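Okay, so here's the structure we're looking at.
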Amino acid sequence: MIKEGVVKPDVSSYTTMIKGFCRVGLVGFAKKVFDKMECDKNLVCYNTMINGFVKRGLMVCAMKVVGEMLERGVEGCMPDVVTYGTLIDGYCKNGELGEALRCFDEMVERGCDANQLVYNALINGLCMNGKVDQALRMMSQMRLIGFTDELNAHTSLMKGYCIAGRSEEAIRHFKEMYRLNLKIDGKAYAVIVNEYCKLKRPDEALALMKEMKERDINPSVASYNAVLRCLVDRGELDKAIHVLKQMRQLNCEPNYLSYNAVLCGLARAKGMMEEMEFLVTNMRQSGKGLDATLYSCLIKAYSETANDKMALQIFQEMVDERYVIDLESFTVFVKELCSRGKVFEVEQLFDRMKQSCHFVGLEAYERILNEFLLGIGVN
């Protein structure tokens with residue numbers, strides 16, 4: 001209809017089309033519409049196209065559109081706070097802090113006042129680069145202008161402290177947020193839960209997660225997984241099992257990584273096979289399959305505990321699923337089973353693995369098998 005001249009779209013219609021294409025990721029189609037517009041573009045249209053490029057991380061393309069705005073020099077159609085805010089946020093998310101700061105300086109030079117979104121984007125960008133002190137100065141500057149503190153900025157500061165290796169300051173800042181009467185959300189809690197886990201302080205992380213539940217905030221599965229890994233690393237396997245079993249009761253469905261953290265720990269431990277088998281069954285019943293890492297852990301554990309039947313069964317299942325056992329677990333499997341006279345079964349399974357699975361490093365597996373066979377006098 002446009003080609004035949006039946007309808008003459010106005011700038012609003014073009015902008016709607018551009019926004020629609022950008023929203024579904026078709027930024028190339030959006031640019032074609034933008035370039036072929038048969039009416040003058042306005043500021044909203046330019047900002048829509050710039051936002052589309054920025055959302056896709058195409059900062060060079062976004063800057064070309066800004067260049068067109070500046071070249072035209074039309075009053076009311078020059079870059080504004082929305083333009084610069086979009087660019088600054090995009091550069092920060094792309095890890096290009098220098099460009100973000102350059103945009104901020106250019107905005108100030110053009111007499112364009114920054115809004116809270118711009119400050120928050122810059123504070124976040126500075127923090128993600130570990131420049132917390134500079135971010136604090138920017139927050140002070142923001143307050144002097146009259147903007148109030150927002151939760152997002154404080155969460156960014158906590159992340160920045162963590163990135164800079166200043167964990168205790170992150171924890172202190174979190175406690176300061178209570179004093180400021182900020183409504184702390186799950187993202188802010190998650191930063192400190194994760195940091196407690198990095199510091200190998202799972203009890204404090206769990207206490208914080210309990211507090212979250214009391215405030216009707218559900219901890220994320222990522223927070224639970226961080227605690228589970230921490231408990232396993234500290235050898236607190238019984239507590240890790242308890243936390244994993246509690247997750248569903250606390251409205252958090254364990255994912256593959258939740259089971260992986262605990263199961264691999266149990267597989268390495270002594271005398272925990274019954275607990276390991278219970279969790280494997282539980283995992284399968286919840287519709288989650290095993291992967292190469294878990295299969296390898298199980299095979300190694302069964303081999304070391306002389307449960308040859310299960311070691312062979314799990315290995316066969318792994319081959320059927322086209323997964324390849326890791327070299328360390330394969331070494332244990334071959335050593336243990338060959339020493340107990342299961343040479344034929346080991347060779348048979350290895351041949352099946354070679355036929356069914358395509359993998360790099362076959363020679364290393366063959367060398368390990370041959371060394372053990374020679375060692376026990378099998379030619």
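Just so it is clear, glycine is given a Cβ too, placed from its N, Cα and C backbone atoms.
According to TrEMBL, the repeat 'PPR' annotation covers 10-40 (among others). Under 8 Å from some Cβ of the repeat 'PPR' (10-40) lie the Cβ atoms of residues 48-49, 51-53, 55-56, 58, 61, 65, 74, all in the same chain and six or more residues away from its ends.
Summarised as a single figure, the pLDDT of the repeat 'PPR' (42-76) averages 94. Taken from TrEMBL, the feature repeat 'PPR' covers 42-76 (among others).
The repeat 'PPR' annotation in TrEMBL covers 80-114 (among others).
Using a Cβ-Cβ cut-off under 8 Å and counting only residues 6 or more beyond its ends in the same chain, the repeat 'PPR' (115-149) has close neighbours at 81, 84-85, 88-89, 91-93, 95, 97, 100-101, 104, 107, 156-157, 159-161, 163-164, 166, 169, 180, 182. The repeat 'PPR' annotation in TrEMBL covers 115-149 (among others).
Sequence-distant contacts of the repeat 'PPR' (150-184) (same chain, at least 6 residues past either end, Cβ-Cβ under 8 Å): 116, 119-120, 123-124, 126-132, 135-136, 139, 142, 191-192, 194-196, 198-199, 215. What TrEMBL lists as repeat 'PPR' is 150-184 (among others).
The annotation repeat 'PPR' is assigned in TrEMBL to 185-219 (among others). Using a Cβ-Cβ cut-off under 8 Å and counting only residues 6 or more beyond its ends in the same chain, the repeat 'PPR' (185-219) has close neighbours at 151, 154-155, 158-159, 162, 167, 170-171, 174, 177, 226-227, 229-231, 233-234, 236, 239, 243, 250-252.
Non-local neighbours of the repeat 'PPR' (220-254) in the same chain are 186, 189-190, 193-194, 196-197, 200-202, 205-206, 209, 213, 261-262, 264-266, 269, 272, 275, 279, 286; each lies 6+ residues outside the stretch with a CB under 8 Å from one of its CB atoms. Summarising the annotation, TrEMBL assigns repeat 'PPR' to 220-254 (among others).
According to TrEMBL, the repeat 'PPR' annotation covers 291-325 (among others). Sequence-distant contacts of the repeat 'PPR' (291-325), counting only residues of its own chain at least 6 positions beyond either end whose CB sits under 8 Å from a CB of the stretch, comprise 256, 259-260, 263-264, 266-268, 273, 276, 280, 332-333, 335-337, 340, 342, 345, 349, 352-353, 356-357, 359.
For 326-356 (among others), the entry in TrEMBL reads repeat 'PPR'.
Long-range contacts of the repeat 'PPR' (326-356) within its own chain (CB-CB distance under 8 A, at least 6 residues past either end) are made by residues 292-293, 296-297, 299-300, 303-304, 306, 308, 311-312, 315-316, 319-320, 362, 364-365, 368-369, 372-373, 376, 378.
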